Amino acid sequence: MESTQQMVSSIINTSFEAAVVAATSTLELMGIQYDYNEVFTRVKSKFDYVMDDSGVKNNLLGKAITIDQALNGKFGSAIRNRNWMTDSKTVAKLDEDVNKLRMTLSSKGIDQKMRVLNACFSVKRIPGKSSSIIKCTRLMKDKIERGEVEVDDSYVDEKMEIDTIDWKSRYDQLEKRFEALKQRVNEKYNTWVQKAKKVNENMYSLQNVISQQQNQIADLQQYCNKLEADLQGKFSSLVSSVEWYLRSMELPDDVKNDIEQQLNSIDLINPINAIDDIESLIRNLIQDYDRTFLMLKGLLKQCNYEYACE
């Protein structure tokens, strides 16, 4: 009858499935894409290693075998463990803590070999000497009494698997990375300097163009001012000449006064307005001449005279 062993195996398998589900759920919550088969394989490899190296799996199965033997009437294992199985709750809590510690140590890379050696031996330093004394713990003594210690006559020089760091190569790698980063920074800086120089050149060129345009605008403004002054002088001379010519004409005083008022109303400051005023004056003169001609034409008709334009 192996019902307890089967139950323990089922619990271990369920724990593995729970570990896989926890890992995939965590990756999904973090928004990380993953391959389920790869996660399953990695978790299984780590889970099997931790459970086997820590001894948790064998410990649970051993207790299950002891319970099955007791159920089958074989109390040898149960009697052998009665000294420490005094309280089931205390023992269960103690086993739980020990199993946690074993799995934690296994996950940190402290394998079973290292844990057993640390538990079986301790080192005592001798003050003032470079040598030391290796002391066997009670666990080592119990193992010797139980015949769990073997003497290997063949000497095997096994190198301890210790992660060594080649600081020189690490420094060389960091130096290469630093040089590469320095080169990239210099390239970007040089590129930025070239762009800045080009921008400055364009800015100076634009400033020169603006300066030339400003000079041209100033010249044009000066020319316009001169032209405006010449036009103002010309219009003033024109008005004076027309007034003098008007006074020399044999026209009625009211006609002369009317024309002089129109001449004085010409804007001599603004040439555009002056041209408009002169145009208005010319139109009025033509209109007066047209009215005079119509009056003369009507008078000739009343006197039974005919006229002809040659």
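Placement of Cβ uses the backbone N, Cα and C atoms for every residue, glycine included.
If you check Swiss-Prot, you get these features:
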- 1-146: region 'RNA-binding' (REGION)
- 147-203: region 'Dimerization' (REGION)
- 163-234: coiled coil (COILED)
- 167-231: region 'Interaction with host ZC3H7B' (REGION)
- 205-310: region 'Interaction with host EIF4G1' (REGION)
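Residues belonging to the coiled coil (163-234) score a mean pLDDT of 87 in the model.
Within the region 'Interaction with host ZC3H7B' (167-231), the DSSP-based counts of helix, strand and coil residues read 65 helix, 0 strand, 0 coil.
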